[in-house]
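Working notes, structure below.
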Amino acid sequence: MGFDGLVVVSDPYLQRRFTQAELRALQAQYAALRDASPNGRLRMRDLPAAISGVRGAAKSRDAEKENSAPEPGPCHGLTDEEWASVLKAVARADEKPHQDASFELFLRVYAEMQLRLKAVSVCSGRAGGIVRSSSSSAVAFLTAATTTLLHTISESEKASYVGHINAYLADDPSLKSALPIDPATDHIFHITKDGVLLCKLINLAVPGTIDERAINTKRVLNLWEKNENHTLCLNSAKAIGCTVVNIGTQDLAEGRPHLVLGLISQIIKIQLLANVNLKSTPQLVELVEDSKEMEELMSLSPEKILLRWMNFQLKKAGFQKRVTNFSSDIKDSEAYACLLNVLAPECSAKPSAMSVKDLLHRARLILEHADRMGCKRYLTPKDIVDGLPNLNLAFVAHIFQKRNGLSKQMKQVSFVDGLSDDAQVSREERSFRLWINSLGISTYINNVFEDLRNGWVLLEVIDKIAPGSVNWKMANRPPIKLPFRKVENCNQVLKIGKELKFSLVNIAGNDIVQGNKKLILAFLWQLMRYNILQLLKNLRFHSNGKEITDNDILAWANKKVKDSGKHHSYMQSFKDKSLSSGTFFLDLLSAVEPRVVNWSLVTKGEKGTKRSK
């Protein structure tokens, strides 16, 4: 199972799910179960009774100390039918009830129980992640030795996201057989197991992120094709700004509910907030008074901009309170009532929401007002009263999309001129932004020229591609108000750049702080180039320690193309003039993945030939 005290399991999800201390504790509990079972054999169907026996023994020992009798009760407070449901959920096709229960099966049972015992923990009390029950020691058996975080599924969020998927992807030809999804069931977690829906959802959020030809969409997919889809999905999710920590392709393949729902939530959030920025909605300039406020607005996340917009509209209506979040501040629906009356007074009706004292009734009137505006419902009246942040954020974002109430004639102020970039700079900025976000750093980049100015993100990127090179004791963590602190970060960035042999002529830390686009792009190009070269150097571990050279890459490319049947396509060197036609690279791409090239658009690439895009 392991060595030197290390517990190793074959399932990557389980290995990530538990700490080593937790694995050792659970392994001891598993061994106790097996030793207590007849003939030392622990079968899957024996798990409920076996766990009850060990639990009873543990309780008896405690009872002796406290001079009280052990309390009987159903295992974990679950019925036989519920236990059968647990075993069915975690068992794999090759695991039968009469066979021995492996340690990994035990771990899967434990993880599943953590999900299902959330309701029990709420009623019984919880301390430090350990579930305790005053009426039964059943809950304590699996949880007493660990402090694993409990994951639960919000039925309201699930229903909301399913409704979003049904509405936006209903006409997708690849999903016609799967949609609509019933929100009352867990069908959403089964549909996502092949990765197609998640890839489509990413393209819906940020169009063009994934080339549709790269998605395996045929009716029956093998494991390899599903894995390709999942890898494509996770890499693309990182690129558009999703946090995918502790989630892998196996998690998606198994349809783990809390992980799948969390990923879907982030993707939909990105889609709904896509227009909450100055580039897509330049009318947002109405929220600022001067260039200093404009600089602040450009550095805000979409959620913060949405809050600022909401407060701007509320202030116009004379609303006295300030909304600082999408949970507790909107539970009473007063802010919603004021906001909708400002944006769509013609859709109001009697009785007015503010005249109703019952919070649920008031929230119901708010949603009816939104319906008359044509806004989709992302939440129920109870969700508003309960202050569910994700659903309230989605609701406000959709209101913004539908009717933002900003002036169509944008204020003519001088600092707006800097918002438009030329096409080449925009393409480069997007490329570097996608690359940085794909690295999986903790900070998501919305705008390269704004988000890198404090130097912190650049330090994160450098630490990712050249581990150990950043002196974090000398770094200043955001939020950074003093300009010289930002310069200190950027100076360290350039110092490390010089150590990495970058060409850094006539560039200082203050140039990055000032947002000099030309110099920032030049530095990022060298940073990305270094990252790619390091990747190529790492390939030597797969070539018997031999470092990969240009000739090795050249030979590989020519062999790949030749093996695909293109015997006349060849490059002599990386300076070969014939490469300018682009046909060799298309042949190479097609050799690696035949679906990526649409040959009907390819011309000979000769001078004077009209080229298709």
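Each Cβ is built from the backbone N, Cα and C atoms, and glycine gets one as well.
TrEMBL entries are annotated by machine, without manual review.
The annotation compositional bias 'Basic and acidic residues' is assigned in TrEMBL to 59-68.
Per TrEMBL, the feature domain 'Calponin-homology (CH)' maps to 155-272 (among others). Shown for the domain 'Calponin-homology (CH)' (155-272): DSSP residue counts in helix, strand and coil, namely 77 helix, 0 strand, 41 coil.
Counting residues per DSSP class in helix, strand and coil order gives 69 helix, 0 strand, 36 coil for the domain 'Calponin-homology (CH)' (300-404). Summarising the annotation, TrEMBL assigns domain 'Calponin-homology (CH)' to 300-404 (among others).
Annotation comment: TrEMBL describes 426-532 (among others) as domain 'Calponin-homology (CH)'. Per DSSP, the domain 'Calponin-homology (CH)' (426-532) is made up of 68 helix, 0 strand, 39 coil.
TrEMBL lists 547-613 (among others) with the feature domain 'Calponin-homology (CH)'.
Residues annotated as region 'Disordered' in TrEMBL: 55-79.
For the domain 'Calponin-homology (CH)' (547-613), the mean pLDDT of the prediction comes to 78.
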